[in-house]
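Undergrad: So TrEMBL lists the following for this protein:
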| type | residues | note |
| --- | --- | --- |
| COMPBIAS | 10-20 | compositional bias 'Basic and acidic residues' |
| COMPBIAS | 24-37 | compositional bias 'Low complexity' |
| REGION | 1-37 | region 'Disordered' |
| TRANSMEM | 168-191 | transmembrane segment |
| TRANSMEM | 203-222 | transmembrane segment |
| TRANSMEM | 243-267 | transmembrane segment |
| TRANSMEM | 298-320 | transmembrane segment |
| TRANSMEM | 340-360 | transmembrane segment |
| TRANSMEM | 380-402 | transmembrane segment |
| TRANSMEM | 414-443 | transmembrane segment |
| TRANSMEM | 455-477 | transmembrane segment |
| TRANSMEM | 489-513 | transmembrane segment |
| TRANSMEM | 533-551 | transmembrane segment |
| TRANSMEM | 572-593 | transmembrane segment |
| TRANSMEM | 631-650 | transmembrane segment |
Amino acid sequence: MSAVPQGLERVPEQPARERALSPGGTAAARGDDAGQAYAEKQEELHRARWRHAHGVAPNAATAGLALSGGGIRSATLGLGVLEGLRDLKLLPRFDYLSSVSGGGYIMGWLTAHCRRGTGWLGADSATVRAWDSSIAHLSKYSNYLSPRVGAFSADTWSVLTVWGRNALLVQMTVICGIVLALLAPRAAMLWFVSWPKHDNLRWLTVLVFIVAIAGIAANQLHQRYEAARRRKQAKNKESKRMLLSWVGAPVGALAGVACLLAAQYFADIHDFKPFPERFPEPVTVDNLARAGVPAVPIALLCVAAAMAFVTCAVSVRFIFGGKECVNAWPDYGQGWVQLLVVLPLLLTSVAFAAVLWRGASLLEKPQAFGQLFTHGLGYWPLPLACAFAALVALTCCSFRRWTGFKGRTRVPRVVFNAVLIAVTSVVCIAALHAAFAGIVVLMQTFVGDGGVRNAFVWGPSLVLVSFAFAVVLLIGIMGRASMEGMREWWSRLAAWLWIYALVWNMLTMSAIHGPALVTTVVNPDSWEKAMPLLAWIGTTAAGLLASSSGATRSDTKIRSRESTLVSTALEVVAKVAPVIFILGLLLIVAAVIERMLPGFYLEPTSPLGKLADCTPGQWWSVFADYLRDDGAILAGIAGGVTVLLGLLAWRVDINEFSLQSFYRSRLVRCYLGASRQARTPQKFTQFDDADDLRVSELGGEGFTGPLHLINCTVNLGGTRDLSLHTRHGASFTVTPYTIGSASPIEGDQGRHIVGFREHGHYRGRGMTLGEALATSGAAASPNQGFHTSSAAAFMMTMFNARLGRWCPNPRHATAYTSPWFSLAFLVRELFGTASERSSYLMVSDGGHFDNLGVYELVRRRCKLIVSVDAECDAAMHFGALGTLIRLCQVDFKTRIEIDVDRLRPSPDSGRSQSHLAVGRILYPPLDDGRGAEEGVLVYIKAALTPALRDASVLQYHATHPAFPHESTGDQFYGEDQFESYRRLGRHLVKHGLGAGLDADSLARIVQLRPDFASALAAAPVSVTAQAW
């Protein structure tokens, strides 16, 4: 037996928590990229020990057996396959056992037996009898979710009570969050109504706008610096830049403060108010001058202060960043742009819309658009002046060049740029001014009962869209004079402004207008008005069923001519129903809140209606009066819901109260319990905790089985790597030695992998086999790799269709099996935005990435791979095989060539010519010096052929025409169904792997692995099998 190489010895035993949080240890313990090398070395040692024990040549080609996903269907078919391979004495010849989902159930059963006994892979009579005894246990629990099915069965009712309990807890958590989200607009209405009355506080609007301008300028200056550096115009002399930074930091700070103080001085000496209390009537030259003259210098000083503070911040960043900070100008990502630019612009829009509403509501007579446009400088001088100054500054940052000459006219570029700046700024300001005038005209139609609600809902979004429209004009007028990167940046900013405007409208309309809509449309006392509620419930139920159907969740959709209409209808329902469910839920929650908060609509007769007519000094007393009455209810509800939300997020474990623990315990009872002869289950529940074992126990010197690879999917719907925008996931593997992923991901810090972590340094003692099998088979999950949908994720989370698991990120040390505070992770699950950046990863069914389990074998460059495909594919579209071929070509530059025509069913008989196809795996050369290599893929498909003569299997097929492609949703197998799939699995091996091989294919396999010769040669060879 091979000795353990130096540096890979077993880590000394430590307490579980101490091991998990240890910063040192092996590379695998740290979970960094080097952990992949550790994982490969441990697998190499395991393979060497296994081959030595079974007399396989050390230099023989590696061989792997892969069982596909498909729930209990693939598990039961895989049982028959394993029996057939046992009879051919081939099981000990495989180096790897790779499994996905249902294939993992039965491979877990096999490897658990290898751990708990010896000689389990032999073909002697004693071993066969032991198999039969264990299989009897599997047959007894073929209805593994509910062994006793019936209206008065405790097993059946346990399924419902566990699901109902967990779903209720999840729904309570989500609804608490929705309640707080819908209470926020109601609280914001207080600000909206009172804001125009507070002159001093309204200067905060200008400061918030300055924050947004500073954020934009800093990011654009980053792009300018990068462009200059690429043109070698930035010399990057560190000593000179350091000196400038030491000067720039204090000077920038002092200049910023000085500009703000000067702006305040101008405002004080001119008695200038940022927004007039009411629109001046009539508009005269004196009014315009009095409003406009101080506004321009104040705006210029405010924008200058923003630029000065940016210079200070960049200087400080370079001082502390040192040599690593080549470009000290900040390069914001999506999150920072939203925080520093989009959100301040939204707050500015809400505050300014409140001012516009106040002015429109106080107009003695409605004014036409022309009047508002021509005299608008007297209405909103400071916003226009600030926008003008900001546009001048930001346009300066956007030009490609400032030196040289422009065109054949040889106009100095600085002159051309100055003219273009003036034109761009004037046109954009005129457009903004026109937009503001149009908003006021619209708001005049709102004046009256309930008008403040309409102004609050539509005003801020219209102001925000006005900014987006100004951005469009800015990009268009500047044209080719601006840098391409700048145009893309401005376009992305405009997109986010539109998104925030739409979200604002949806949230405020649900909170403010939703209750009235529900009251008008729905009335439980009237049958006709109860129909919308019943329709909503029915659509939600249909959406849940459609989302879980094979026609909508799999790439292998059955699309025959007869079923196209049904499949299309299911797809439409699966996409539309979640949207209807979300909107209905928002409206219902808003209606319930309205019932609990009477008199909150700010009508003139309500207590809060007085806010619009009181002085600033009276405002607090009126508000205090409100708090003693209805406001106490608002504060009490908000406080109570916040406390309840925090309590639920803290105490309701996001993993234990999903369906995974329920699923795991029943899988363990069925498949791992079969590997124990002396079970002592609890008498009431019939569960035995000792049935499970650690995955790490399936390795090491005492283990007598091949290396088991349990394939899962790490969901990456929220990743920043655009190469994964259609996959939404990557391979995640659990082996007896490590847990993690070697799939490369492009992030902010460059290209990296999630990495691996040794079991002893992962959650203390690592993952149990039951957890790994349940996670690998977590088909129903809001995050589903290739099949992730944000709307469907929300609905599936709400109804707790959550079989996936949040696993600790191997790159982060933690001793906790689940997040201690689950709210952020529940939100990611709700919207399908799990990513590799969080401390916990959303891991689900391996079939959400590769349903055959071959991907990881190809990564390991296995020369001989036997793949058993038991997915639901009655039309023989080979979706999983096609996906595998594409993944291997893109990720490994490995080509798989295979002809599957003989596996397609005949239109006349419905039978396939063969169960099996043999293909080639063409591995490319590697950087480490290894040359191109060729392997063999033996692809076995669940199919019916003329060679099948088993009367019991044929009888089951006659009564169940979908066999052997019955829906994965059927997880309740009777004895006839269990035995039919099992017997078909044995037939696939004995009459496929033997008789289905032509002489050339057999020769190629034997050339790679001579020890396969005796087993394969013993089976009759089909002379009709198609050659390569």
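Using N, Cα and C of the backbone, Cβ positions are placed for all residues, glycine too.
Help me picture these features in the structure, burial and contacts included.
TA: Remote same-chain partners of the transmembrane segment (203-222), defined as residues 6 or more beyond its termini with a Cβ less than 8 Å from a stretch Cβ, comprise 274-275, 302-303, 305-307, 309-310, 313-314, 327, 329-332, 336-337, 340-342, 344-345, 347-348, 351-352, 382, 386, 390, 393-394, 397-398, 486, 489, 493.
Within the same chain, residues 188, 191-193, 195-196, 202, 204-205, 208-209, 211-212, 214-216, 219, 275-279, 332, 379-380, 383, 436, 439-440, 443-444, 446-447, 452, 455-456, 459-464, 467, 493, 496-497, 500, 504 sit at least 6 positions outside the transmembrane segment (340-360) and bring their C-beta atoms closer than 8 Å to a C-beta of that stretch.
Away from its own ends, the transmembrane segment (414-443) comes close to residues 353, 356-357, 359-361, 367-369, 372-373, 376, 379-380, 383-384, 387-388, 391-392, 395-396, 399, 402-403, 406, 451, 455, 458-459, 462-463, 466-467, 469-470, 473-474, 477-478, 481 of its chain (Cβ-Cβ under 8 Å, at least six residues beyond either end).
Sequence-distant contacts of the transmembrane segment (572-593), counting only residues of its own chain at least 6 positions beyond either end whose CB sits under 8 Å from a CB of the stretch, comprise 175, 178-179, 182-183, 186, 506, 510-511, 514-515, 517-519, 536, 539-540, 542-544, 546-547, 549, 552, 637, 789, 791-792, 794-795, 798.
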Undergrad: Which range wins on Cβ pairs under 8 Å with the transmembrane segment (168-191): 380-402, 455-477, 489-513, 631-650?
TA: 631-650
Undergrad: Under 8 Å between C-beta atoms and at least six residues away from its ends: which parts of the chain pack against the transmembrane segment (489-513)?
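TA: Tertiary neighbours of the transmembrane segment (489-513) are 181-186, 189, 216, 219-220, 223, 337-338, 341-343, 345-346, 398, 453, 456-458, 460-462, 464-465, 467-468, 471-472, 474-475, 583, 586-587, 590, 593, 601.
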Undergrad: Are there residues at least 6 beyond the ends of the transmembrane segment (380-402) whose Cβ is under 8 Å from a Cβ of it, and what are they?
TA: 206, 209, 213, 216-217, 220-221, 224, 227, 274-275, 291-292, 295-296, 298-300, 302-303, 306-307, 352, 355-356, 413-414, 417, 420-421, 424-425, 428-429, 432-433, 436, 470, 474, 478, 481-483, 486, 490
Undergrad: Sort out the residues at least 6 away from either end of the transmembrane segment (631-650), same chain, that have Cβ-Cβ distances under 8 Å to it, and list them.
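TA: Beyond its ends, the transmembrane segment (631-650) has Cβ neighbours at 169, 172-173, 176-177, 179-180, 183, 186-187, 593, 596-597, 600, 623, 820-823, 826.
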